[in-house]
Amino acid sequence: MARRIAGKIFCQPLAEVDDVLGRIFSPVSHLNSVKNSPELREAYEQTLPLLSEYSTWVGQHEGLYKAYRDLRDGDNYATLNTAQKKAVDNALRDFELSGIGLPPEAQKRYGEIAARLSELGNQYSNNVLDATMGWNKLVTDVADLAGMPESALAAAQAQAQAKEQEGYLLTLDIPSYLPVMTYCDNQALREEMYRAYSTRASDQGPNAGKWDNSPVMAEILALRHELAQLLALTAMRINPSPPKWRRIRSRCSISSPTWQNAPVRRAKKSWPSCAPSPKPSLASMSCSRGTLPTTAKNRSSTSTASVMSSCAPISRKTKPLAACLKWLSAFTVLPLKSVPMSMCGIRKCASSSCMDEHNELRGSFYLDLYAREHKRGGAWMDDCVGQMRKLDGSLQKPVAYLTCNFNRPVNGKPALFTHDEVITLFHEFGHGLHHMLTRIDTAGVSGISGVPWDAVELPSQFMENWCWEPEALAFISGHYETGEPLPQELLEKMLAAKNYQAAMFILRQLEFGLFDFRLHAEYKPEQGAKILETLAEIKKQVAVVPGPTWGRFPHAFSHIFAGGYAAGYYSYLWADVLAADAFSRFEEEGIFNRETGQSFLDNILSRGGSEEPMELFKRFRGVSRSWTRCWSITGSKADCYVKICLIDETGAGDGALSVLAARWGLEQDDDNPMALALTTEHLELRKRDEPKLGGIFVDFVGGAMAHRRKFGGGRGEAVAKAVGIKGDYLPDVVDATAGLGRDAFVLASVGCRVRMLERNPVVAALLDDGLARGYADAEIGGWLQERLQLIHASSLTALTDITPRPQVVYLDPMFPHKQKSALVKKEMRVFQSLVGPDLDADGLLAPARQLATKRVVVKRPDYAPPLADVATPNAVVTKGHRFDIYAGTPA
């Protein structure tokens, strides 16, 4: 067997056996999630021990393990392609994680634990489903539902009619629950529903103890800990330093104070404006908090659900999916076809396929959009069939399930969806694209198979961005009766509200991620699970408003107790980093740029799990990113709005100002003397009460910077000497006070890689505009994109968490100038009016010295005292300035 497996057929018989098993069990598993009838549940539960036994048997099979190991260590390994090598490497990893190196008794125990965990995960999921279905409320007086959109009222009335009741039936399914929590004026009803929802499957609430997941969670955590101990023994025997564990630990820098403090400060600033009542109780504050970002966005922007829903019928919801594929080399989505599934009790299910520009089938999918009884809540994508090349040479194409829980069509009208639901559909379709558009034909690493958990959310969160682009919104929106597009006024309000309360969202994700990680990392058998205690400690760290003591969020946290995100929920935030950064390339080059789309397809979507995700990302984006980037992308542009006068002089009328304001957290203030003007050529800052000063903008392509690049001192410039450029040594630099980016550009032009930090959103917007034009320039764009990047974050917090560490940190804090140069005077007057002096600059020196592995360079006027009053004998001195040099902290 070892010789056959090590040959050219590359373990194909075993892969095809697994494929047959998957094709048989996949529909059963899917139906268990979407039509969880008692009969199907019983049959499904009977299969779980058999599947677990088979999986353990394969994972602990000495003959198979030796065959794979011989293949990796033999000459044939070099003849395999990249995907085949990755499949072999993954298989060996899976053998090791299945206990292949354990003694027989320990292997037996591993099998018992694996089987029991499978049963417990299913039991946990069933308890959540039963608890969700186990509560409803019939409202007979429509006055009790004041404030609710018409669409939500119609859906609740239809729910009642289906049960042969009169009135409005409310349930804990999201399409019923969220409209009440977001729009209903009845505080008592909101609190009642919040208590029922927040105590599902627990020892609290209206069904206390009936489907209690408390003992299930305790046993899951105990068994996971025991399994980890077994695998730690295996890892020591086979690989003393498993790289997978190091990666997980490094990603969990979300526990650092930097990550927690910044969003906490911003969320606290935004919370008072969104308080639900002038004298809220803890329960009322909490019941509003559960949906606060959505509530605040909709109320503050007056984007009511009725208006939004009437502009997003199903026909216009699936159309943009096809439209957005145009940037992926002319892909098309065929019209949806109904799938007869009445025998399973499932209605309104459809199927479709993705075709490329050569009319080649790339993949197919089933689409199940609507909520119903016995269907698991939430939205997800799962694989039905994976792509693989078979022994007979045929290519099996991928098939995906796309499942959501939206409101069904009511009273003969098409299904009308909110903007949040559109985002959800795009999110799941992103997963679907990752699976269907694969070019990998090796089982185990094609589509979503083999993709690490901390990268699997990249395509899904990436796709969400199109739901905020005016060009894409034109496809998404349209009145279901008249076809009229989304009103421009409403569109601008939506865009302005995009990042509202984003810090609250990030804190919620941090709370989930920290809870998940600490729950697993800090588990001690002698103390037990300490689930509620751990959550309470984390809430003290990051929660703006404490939840009620009776809240039981963990009891329905299916991601980590019944899904694949255990000790890995942080991957949602990590994917946010990658997704936002990937989309920024589309913003720079055009959101429907075909070449950019082809690059994303070639480097991300089509590669499946065949290569390490960070290598694929760097191939697409050109650089890797750190956790700091996530806050700079998703956090600091929200909740801390800067008031400024925004002026559009382009004449395009395309809502560009709204996009600009939403992206950078700017609020229109017509009376502000400072203005940010969008011209046909660039973005510029103006001081309106001193128009003779003109506009300030960032220009890396022409003007003074072009002259400085072509005719300046280059390596001979003082800043280049100060950072230590010499011979082939070109240090990696973090410019922690970027300003207009001039010194950073000089360093990049001579070959250094420079990351610019800028905390002021107006200055960051100017820099971003200059970079976008620089990146697009034929002469400098190539090396500029590779060497000069912007991170919109405060150096006071970001310097403690930047990875990888730079050799040099460069500081040029603003200091009152005495020179009478017209340029200095002009810029100082404008900038001082905008941001004022850097009064907290002294706080930068210590973290900068901790971050830099070689040196810290501080630019100062010749008359200024040393930064933080820390003198240094090392300096590069020029006429009017000196560059003080401090030692860093070696790696």
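If you go along the chain as it appears here, the first residue is 1 and each next one adds 1.
Yeah, the Cβs are placed from backbone N, Cα and C, and that goes for glycine too.
Annotated features in TrEMBL:
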{"type": "BINDING", "residues": "ARG742, ASP743, GLU758, ARG759, SER794, SER795, ASP812", "note": "S-adenosyl-L-methionine binding site"}
{"type": "DOMAIN", "residues": "11-106", "note": "domain 'Oligopeptidase A N-terminal'"}
{"type": "DOMAIN", "residues": "180-232", "note": "domain 'Peptidase M3A/M3B catalytic'"}
{"type": "DOMAIN", "residues": "354-623", "note": "domain 'Peptidase M3A/M3B catalytic'"}
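Across the annotated binding residues for S-adenosyl-L-methionine (ARG742, ASP743, GLU758, ARG759, SER794, SER795, ASP812), the two most widely spaced Cα atoms sit 19 Å apart. According to DSSP, GLU758 (S-adenosyl-L-methionine binding site) is assigned to coil rather than to any helix or strand.
In the three-state DSSP reading, SER794 (S-adenosyl-L-methionine binding site) counts as coil.
If you take the C-beta of SER795 (S-adenosyl-L-methionine binding site) and look for same-chain residues 6 or more apart in sequence within under 8 angstroms, you find ALA736, THR737, LEU757, ARG759, LEU844, PRO847, ALA848.
The 10 Å shell around the Cβ of ASP812 (S-adenosyl-L-methionine binding site) contains 22 further Cβ atoms across the protein chains shown.
The Cβ neighbour count for ARG759 (S-adenosyl-L-methionine binding site), using a 10 Å radius and every protein chain shown, is 21. Sequence-distant contacts of GLU758 (S-adenosyl-L-methionine binding site), defined by Cβ-Cβ distance under 8 angstroms and a gap of at least six in the same chain, are THR737, ALA738, GLY739, ALA764, LEU767, LEU790, ILE791, HIS792. Around the Cβ of SER794 (S-adenosyl-L-methionine binding site), a 10 Å sphere holds 18 further Cβ atoms from the protein chains shown.
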